[in-house]
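Taken verbatim from TrEMBL:
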TRANSMEM  12-38  transmembrane segment
DOMAIN    23-288  domain 'NADH:quinone oxidoreductase/Mrp antiporter transmembrane'
TRANSMEM  59-80  transmembrane segment
TRANSMEM  92-115  transmembrane segment
TRANSMEM  153-171  transmembrane segment
TRANSMEM  178-197  transmembrane segment
TRANSMEM  203-222  transmembrane segment
TRANSMEM  234-254  transmembrane segment
TRANSMEM  274-294  transmembrane segment
DOMAIN    290-343  domain 'NADH dehydrogenase subunit 2 C-terminal'
TRANSMEM  323-343  transmembrane segment
Amino acid sequence: MSPYAMSMLMSSLAMGTIITLSSSHWFLAWMGLEINTLAIIPLMTKMHHPRATESATKYFLTQATASALLLFSAAMNAWMTGEWTIVDMNSYIPTTILTIALAIKLGIAPFHPWLPDVLQGLDMMTCLILSTWQKLAPMALLILTSHQLNTSLLTLMALASAIIGGWGALNQTQMRKIMAYSSIAHLGWMTLVISFAPGLALLNLTIYLMMTSSMFVMLMALNATNMNKLSISWLKTPTLAASMMTGLLSLGGLPPLSGFLPKWLILQEMTKHHLGALSAVMALSALLSLFFYLRLSYMISMTSPPNISNANLAWRKKNNLSLINPILIVLSTMLMPITPMLLM
């Protein structure tokens with residue numbers, strides 16, 4: 001793709017998200033989401049392949065449906081209350097439709113089936129954008145309207161996302177599908193706590209963005225799209241493989257890594273609201289996710305392919321990593337010491 005076209009599309013992506021984040025009017029927020037969707041579709045189809053075209057078509061149809069529902073809920077709310085502002089969603093039916101629209105946009109269960117299929121047909125850089133940047137605008141709208149949304153519906157969707165996100169990845173071998181199910185499971189945790197403590201949902205989103213970004217950057221550096229390619233990474237780039245193993249355990253939420261911090265604080269918040277059974281189910285669903293992260297960590301660090309070379313030293317790939325990758329790895333694994341500051 002031409003650098004000029006790429007810069008224009010990336011600028012449009014940034015502009016769409018910024019418009020949605022800074023708007024207080026539903027029409028402006030909808031316009032920002034539409035710019036976002038239209039800007040990423042050419043990025044999806046730049047890899048001239050039938051799978052990429054299929055992914056772009058699925059993504060467009062899903063996002064168009066969600067945008068239509070969002071505009072319909074805003075128009076219905078304006079008809080009932082005379083208000084177009086985002087924070088004035090007081091009627092039951094518009095807020096329910098809005099919740100469904102944002103769930104479709106984010107890929108929260110049971111509106112999740114498009115996400116693994118779409119990610120599987122794209123290249124790693126577009127997957128990174130879709131899993132991180134494209135979550136910002138819908139999640140911002142969800143946080144802004146969280147005090148008016150139906151808590152029971154959000155809780156049901158959160159439970160379904162955490163269970164399906166863990167269950168769906170158990171039999172996957174493709175890294176992009178595994179990262180898609182990981183995204184669904186993390187969105188479940190954010191959706192669960194968003195009605196009770198929006199600040200915690202924002203913290204979870206920030207840590208999720210750092211962990212997912214570092215994981216995709218490492219996958220791009222290793223050129224690993226499936227588990228078989230991942231298993232030979234230790235021979236090629238041992239340092240990067242060790243960092244990736246730590247990143248995967250952090251995504252699984254093992255202490256003392258960064259991924260444990262939001263899960264711990266969310267479970268603490270849930271028990272404060274006397275939701276012990278719900279907390280127990282969410283903690284058990286995290287074990288499903290942890291299983292496939294541990295399986296990937298085992299593939300990276302404890303398996304090596306048969307050595308058929310007569311050379312004493314394995315051929316090492318030259319790393320062309322930028323400075324951002326070590327920073328992301330450190331942030332996605334070593335944030336636990338800031339916990340006392342957050343609790344204060």
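Just so it is clear, glycine is given a Cβ too, placed from its N, Cα and C backbone atoms.
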Which sequence positions outside the transmembrane segment (203-222), separated from its termini by at least 6 residues, show Cβ-Cβ distances below 8 Å to it?
124-125, 127-128, 131-132, 135, 139, 175, 179, 182-183, 186, 189-190, 193, 229-230, 233, 236-237, 240-241, 243-244, 247-248, 250-251, 258-259, 261-262, 265-266, 319-321, 324-325, 328-329, 331-332, 335, 342
Close approaches to the transmembrane segment (153-171) from elsewhere in its chain (Cβ under 8 angstroms; 6 or more beyond its ends):
96, 99, 103, 108-110, 112, 116, 177-178, 181-192, 194-195, 278, 281-282, 285-289, 291-292
List, by number or range, the same-chain residues at least 6 past the transmembrane segment (92-115) whose CB is under 8 A from its CB atoms?
33, 58-59, 62-63, 65-67, 69-70, 72-74, 76-77, 80, 135, 138-139, 141-142, 145, 148-150, 153-154, 157-158, 160-161, 163-165, 180, 183-184, 187-188, 191
Which one, 12-38, 234-254, 274-294, 323-343, has the most C-beta pairs under 8 Å toward the transmembrane segment (178-197)?
274-294
Relative to the transmembrane segment (234-254), which of 12-38, 274-294, 323-343 accounts for the most Cβ pairs at distances under 8 Å?
274-294
In this predicted model, the domain 'NADH dehydrogenase subunit 2 C-terminal' (290-343) has a mean pLDDT of 73
